[in-house]
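Record features (TrEMBL):
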type	residues	note
REGION	1-23	region 'Disordered'
ACT_SITE	Asp91	active site, nucleophile
BINDING	Tyr146	substrate binding site
DOMAIN	184-286	domain 'Pseudouridine synthase I TruA alpha/beta'
COMPBIAS	353-364	compositional bias 'Polar residues'
REGION	353-375	region 'Disordered'
Amino acid sequence: EENGHENKRLKRDADEEDAEDQNKKLPKRKIVLLMAYSGKGYHGMQRNVGSSQFKTIEDDLVSALVQSGCIPENHGEDMKKMSFQRCARTDKGVSAAGQIVSLKVRLIDDILEKINNHLPSHIRILGLKRVTGGFNSKNKCDARTYSYMLPTFAFAHKDHDVQEEVYRLDKETLERVNKLLSCYKGTHNFHNFTSQKGPRDPSAKRYIMEMYCGEPFVRENMEFAVIKVKGQSFMMHQIRKMIGLVIAIVKGYAAESILERSWGEEKVDVPKAPGLGLVLERVHFEKYNRRFGNDGLHEPLEWTEEEEKIAVFKEQYIYPTIINTEKEEKSMANWLITLPIHDFNSSAVEMQANNKNSKNSSDLEGSDGCGDDSD
């Protein structure tokens, strides 16, 4: 009996070695992976090699790529060896439904299934496509679409005594929210919406294609709404500050004129909404698709066949996490209490003095999206 078990074990080890040898013979190909993940408990997307105390999404992804046999172990330690690039570097706690990473892998059989077998259930690879050898998911991306899910009581006026679970957003307030969000469309200087840029830095200018808040809906007895924003690229904390400023205006803490002021050279105090509700929805490759999508060799980077899987993942992992965390930890409710601390009328001189004091404690968590400057 013992000999039988030993023989089986030796055969299994030999099979595994044969499979590994076969993998080594496979040529490496440039691909993109479509990823979805719930970001709670992670310090953002980007891996910090040598910093094991801050776990990132890429730590789990690289581990799964190595264990599944797609990449050699040394490529996991030095990601440049597999030409790895993520499309957007999401912040601490931020989720994604349509993140794209590009890399060189061995195209093993049942590749998606094997990678997913080594990933936790709240991180999934939903699709794979072959791309051109020089493809870089960050540089080739024309635009990124984010959503931000928030409880609608965030828009209740500060002078109204609001019960969070009972509050329902009225039509007039939603119209005002959308009027303010639409002001962001076009190209503006967003230096006040990040801690990293000065007013004369050319890269502080960003182009926003659309921004709006959808119809509210009730989940777990609480009303929520989803804000969508599509832009060429975003700087660290930019989206959260864009939303934070609109909330401050609608609640009556700041005048509407602060929007125009914030795009000028003057330093303006812009509050940053919590990271919890932010989700990278999808990334766009229109120029790449026009050039290579119908060349007979490459597929366009569109994911219509994966839409259903994306929707199921959001319902299963992303929305419940946002809703339950909001109800348990009250991140929005606690943040709203801090709004009166902000000085929306202060002069540039006062702000510069305050900024010098607070610069040492600024929280560089990552980036809402991944502009050309944020890697």
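Here the Cβ of each residue, glycine as well, is placed from N, Cα and C on the backbone.
As the structure is a computational prediction, the values presented were derived from the model and not from experiment.
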Rounded mean pLDDT for the residues that make up the domain 'Pseudouridine synthase I TruA alpha/beta' (184-286): 95
The residue listed as 'active site, nucleophile', number of other Cβ atoms within 10 Å: 25
Between the residue listed as 'active site, nucleophile' and Tyr146 (substrate binding site): CA-CA distance (Å): 12
Local Cβ density at Tyr146 (substrate binding site) - other Cβ atoms counted within 10 Å: 25
Within the domain 'Pseudouridine synthase I TruA alpha/beta' (184-286), residues counted as helix, strand or coil by DSSP: 25 helix, 33 strand, 45 coil
